[in-house]
């Protein structure tokens, strides 16, 4: 009988595979385990929840060498001719508990701007929408009635850049003349005089995260004049000037750790501390202009304390506390990651707090990389390029995952759904497209604009998409 028992044991071993569960950063979850080949995603979800001692059961997706596991282990091994001799690493990734419906139709086409719409941005709670245009105005739109709410006048040149403070109290716009204006979104009126200091046009605006300072007071602007400036909206003046780039500053991000990142046509990315404006480090590697920067924590920095549940807050202190909890939860134990896209057709993934050398060089685009963006959960990086494609990369390793092809013109801007399952792109070809991250395929084609689509944004609450472009109209899209 003992022999039978040994044979039985051997047979069970033959039908099982030695697996190591690990998080996206590569930290193992417990020791390697023998799993039956009949185990699939459902069984793995139960196991991870148990090993992590989750009181509530959370959804997870599983990846083996960047490929999502959608079948039983046995079928995966057979199909991909994987040896069972080696330990199989399975990466578990938490999924958003809520699901965003894909946008499928245009719910409103709102006229009002008399020149091209150059930027669109939803407020952090997703309840308001602002746009900036070549007609020198900023407009605020009523999302309930889908009509114009306020026209903010004061700029004398094209409005190139707009940014909401993460507490939703302020909206700042920057123009081609180099001036900045702060607006009160409740009434569309300017808060004080224009902020003067930059000598050339504004290329980017980023607010200090609300988990570091509430209520929001400081933001940073980047300009073609080669400087970045930190402004205080309460004092209504520039408090620090960040000088050091030798050519135009093209993009700027205020990170969750309190440092500022600036990308420039001088091919460098500089990291600044924000109490005195000292240069901390320089990230070098690109062979041409840096066009776009994105942070792995960007979604929680943009939304601060607001999430898809629509909760309201009674004080800035409460907001700061909730925002800090959200930031820490999203960041986990890993350092904040930065990705840069360039005219040299490449991207770099950095962990600036850890090293001045890039973690990975990401190649594959055939033309300049115009826009890079981390998914809200930090798992993915999407890149938009003038080569008409959108590419998807692993947000932790920088490994290439997929190319989305379908646009017939340069892709100008991309935006993620709040659950990180869908990606939106707007192109010179006058269409918006929604891509499904799981199937790596086109989910929805959204024609309707009469000309190039310059700006797209997906509302943080996931309900709506806004787009604007050369045809001067703002379009709202719904599920």
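Just so it is clear, glycine is given a Cβ too, placed from its N, Cα and C backbone atoms.
It should be emphasised that the depicted structure is a prediction, and the values quoted were computed from it without experimental measurement.
Taken straight from TrEMBL:
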DOMAIN    17-77  domain 'NLE'
REPEAT    110-151  repeat 'WD'
REPEAT    152-193  repeat 'WD'
REPEAT    195-233  repeat 'WD'
REPEAT    242-282  repeat 'WD'
REPEAT    362-403  repeat 'WD'
REPEAT    404-445  repeat 'WD'
REPEAT    446-479  repeat 'WD'
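When averaged over the repeat 'WD' (446-479), pLDDT in the model lands at 94. Using DSSP to sort the residues of the repeat 'WD' (152-193) gives these counts of helix, strand and coil: 0 helix, 19 strand, 23 coil. Two recorded stretches are said to be in contact when at least 3 C-beta pairs lie under 8 angstroms, sequence spacing 6 or more; the repeat 'WD' (110-151) and the repeat 'WD' (242-282) fall short of this definition.
Within the chain, the repeat 'WD' (242-282) has long-range Cβ neighbours (under 8 A, six or more residues past its boundaries) at 200, 203-209, 211-212, 218-230, 288-295, 297-298, 300-301, 327, 331, 336, 338, 340, 342, 350, 352-353, 356.
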